[in-house]
């Protein structure tokens, strides 16, 4: 050993290198891992470790009943505690020590070979526990595990508590279990790890015999032993006698593992009744009825419905599929719309009479505003540009101690949407017809709106003071539209009036009160306010201003209101006379200030708490965006072909700005009526208020023109319009705006062409040069040019239309050949010519659009 290094000596003794170095250091010998072990160092090491290799006295054997498993005994003394040859670390540390023990093993094997494979007693083992003493070098680190080389219980050397002293995994055991007798000392050592020879000496080193990593060195320690393979590849004789659990995991606790219980298959409980909405996703439906998706898709396929996993099926289809699977499918109750304010309980017994709401309808200039002015005894007509009512007005008048509310809808047909909205909130419609003009298109339209709203109609035949007035003719025209007067046996009240002379006004008001009384109009003033936005606009000083007609409940200052996507608190209310009021009862028109945005005319106004108002408004905004996205992206078979055609249609983009919301809708409706086969009018933006710089930038990006109605551009907008070269036009009368748009559309129309015959050319001879067929021609009349279009006419039938490829006289290319001259002509992509064919030469000339 004198030539060995310290780490090799430590390995020979199965000790950590650091432990050996520390031992030498305590004896004032400084060494490192690679230092040579001199005689002085070796003497210290031998003194420290060799004394522990002395064999202990042979322990007495103890007979056991092998028919019962015996728990390994805990060691009682130091020798027994350190006799742990199952320690997993020992085999790695004693690879070199095995070589030192081989000679001793060879000598002992001749005397102590265990020929008794059935557990017979072997008395020729003088060093049965030497390996156990060498295992003491670990300082007894056995962690309290069961031992297999205990001198008192050597026959149980198995950490699994292997009963009857059998080998643990694939060890050699010859003979039935019943023939096993009590073994001596370490008799079962040869049985601990698979692959060891059957006649090993009991005095082998711990690493080569009992280490759990297998008998790599155990089979090499004897020359007369055959090398055997460890584990499950033991000798053929040993295979039938292996433990049934030789490949089972080690039970560290020494207890038998509990057998696994097989789980009973879970039975799927399928429903017999489910509820769905109007439609449901295929995947969701399959989960609902506890079926595989492919089963549902197959059932649908058998019904002739081809679907994918993400498609929706309607309620009826789901019912049929449910019947196939024995599931009854019911329909859910409709869910509450989160964008709607919950209905308030309105008991009829708590309602009180309310004033009637009257809508004045009629044709342009038939005197609606003049009649209303006569009723109010004020003059507002002169303020209307062009004599047309520009804004919806709401007024309240008193007659014979009773109140009547009038809504004045403009008479121009552009305000169709506003008039329809007025008919929805009204109780009685007054149809104003001029006695000298009779029934006009807008009159018929007003009749249809009133009938659609199921509103009773009172006809006011106006201008009876005119020289050409003919009330009977008017009655006859109205009868054609199912408005039969009472004096003719009908049920339509007709009152002749003169707004100019203020005659017949009282009769008209009496008839209004009579019809309203018959309707028994009532409302509960003690409920939260509910009404309709008649008009809305953005005021520079006051912000969003909405004209509201309260229809139910009472609106107070400070109430939180919501109208469409707008909400806020009522900051002020102004009545029709310009007076500030603190509350508005049913059938009262007021201007409301305090909304955060301009609502749309026709939106429903409700009074509620602030949290609800804010939440509902946000949901309405989100819903509106979703609908716009769907509207832009949805394609149906009905309009698919039309959309393909529209790919070539030019668009006239327009940005519309107006002073009030109603005017915007009127302008949009009018622009949509301007139809043309080649040009489409598109309103890219419409808003209330002055023309701003952002409007100009939007128009520039969209290549649009800006139309302003009763609004003007501010200074920044004018500068931006000049810079971006955006056309900004402002109007006060709708007629002028529509006329200008029509003119712009005509300018965008594709030019029209007409055909002009230039001449006739006859083919006299065909000449072929280098496979090119040239027509030798004579110009019969007119002329022919090299840019002309040509029809080839044969026996009066057109066989080809094309253009001239080349025109020559002799060998020179020419631009034109006049009548009476000969020339050579070739056509583009056509050579099937014959002598006698006629070239009809023509050109297309652009004509002006009327």
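Placed from the backbone N, Cα and C atoms, the Cβ positions cover glycine too.
Looking at 330-352, 514-536, 537-559, 560-582, the range tied to region 'Disordered' in TrEMBL is 330-352. Only residues 6 or more beyond the boundaries of the region 'Disordered' (330-352), in the same chain, are considered here, and those with a CB under 8 A from a CB of the stretch are 273-278, 315, 522-528, 530, 552-553, 562, 606, 608, 612, 615-616, 619-620, 623. Reduced to three states, the DSSP call for residue 362 (GTP binding site) is strand. Minimal Cβ crowding within 10 Å, among the binding-site residues 362, 365, 368, 464, is found at 365. In the three-state DSSP assignment, the secondary structure recorded for residue 464 (GTP binding site) is coil.
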